[in-house]
Amino acid sequence: MTDPMVTVVDHPLVEHKLSLMRSIETPTGDFRRLAREISLLMGYEVLRDLKVQPVDIQTPMEPMTARQVSGKKLCFISILRAGDGILGGMIDLVPSARIGHIGLYRDPVSHTPIEYYFKVPEDMAERLTVVVDPMLATGHSAEAAITRLKRAGASAIKFVCLIAAPEGVAVLRRGHPDVAIFAAAIDRELDEHAYIRPGLGDAGDRLFGTK
Ligand code: URA
């Protein structure tokens, strides 16, 4: 059964660019550029329901009533560090959006996500919040990040990733059924090291050339 809260952004350009990102042959610079390009294309879909309002303007030819985005203000939240790789495309689309960052690491004993950084705008309750992280693997970081954002006042939240594992989608849907998930692809499975298969490897390392 299809879940209306889970959208796989189905577009030939997204699929093509994601295939290039998956390839082990793709160097860091291209990988980074492709991540930004896919996030631009996905942002178009993620922000499809932004409200517009009429505004009176003057074209060089005549006055007209045009329509511009109104309503809720936007906030993009990057889950560090790989989230920064798909943040740029979103900011290109909405340059006035506020930006927040959340840093989490996995406790080596309990395997639970521990927060080491949290900086978001004060008025989260008034904003549409779009959380970005390229890989939705176990789903535990995304779940913890969104729990923390709700504690900070956020209520209208969307989650955007490039590749999701079915396991991560299930965890996030269970933990936050109100949060819509957008992915460029949902892959086969997680492996025993919590990497997505076939996936694209470690998104952070490939974005920042740290391996
Ligand atoms: N994080 C990654 O960067 N890659 C995976 O496959 C899973 C988590």
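Yeah, the Cβs are placed from backbone N, Cα and C, and that goes for glycine too.
Unlike curated entries, TrEMBL annotations are predicted automatically.
Given the structure is predicted, the values throughout are model-derived calculations rather than measurements.
What TrEMBL annotates here:
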BINDING   Arg81, Arg106, Asp133, Pro134, Met135, Leu136, Ala137, Thr138, Gly139, His140, Ser141, Asp202  5-phospho-alpha-D-ribose 1-diphosphate binding site
BINDING   Ile196, Gly201, Asp202, Ala203  uracil binding site
DOMAIN    8-210  domain 'Phosphoribosyltransferase'
Measuring CA to CA, name the entry from the binding-site residues Ile196, Gly201, Ala203 that ends up nearest Arg81 (5-phospho-alpha-D-ribose 1-diphosphate binding site).
Ala203
If you measure between the CA atoms of Ser141 (5-phospho-alpha-D-ribose 1-diphosphate binding site) and Asp202 (uracil binding site) and round to the nearest Å, you get 15
Using a 10 Å cut-off, grab the number of neighbouring Cβ atoms around the Cβ of Arg81 (5-phospho-alpha-D-ribose 1-diphosphate binding site), all chains included.
16
Other same-chain residues whose Cβ falls within 8 Å of the Cβ centroid of Ile196, Gly201, Asp202, Ala203, the recorded uracil site, in sequence order:
Pro134, Met135, Ile163, Tyr195, Gly199, Leu200, Gly204, Asp205, Arg206
By CA distance, which of the binding-site residues (Asp133, Met135, Ala137, Gly139) lies nearest to Asp202 (uracil binding site)?
Met135
Rounded to the nearest angstrom, how far is the Cα of Gly201 (uracil binding site) from the Cα of Ala137 (5-phospho-alpha-D-ribose 1-diphosphate binding site)?
11
Tell me which binding-site residues (Arg81, Asp133, Gly139, Ser141) have a Cβ under 6 A from ligand 1; sequence order is fine.
none
Tell me the Cα distance separating Met135 (5-phospho-alpha-D-ribose 1-diphosphate binding site) from Ile196 (uracil binding site), rounded to the nearest angstrom.
8
Please report the distance from the Cα of Asp133 (5-phospho-alpha-D-ribose 1-diphosphate binding site) to the Cα of Gly201 (uracil binding site), rounded to the nearest angstrom.
14
Including all protein chains shown, what's the count of other C-beta atoms within 10 A of the C-beta of Ala203 (uracil binding site)?
25
In whole Å, note down how far the CA of Ala203 (uracil binding site) lies from the CA of Met135 (5-phospho-alpha-D-ribose 1-diphosphate binding site).
7
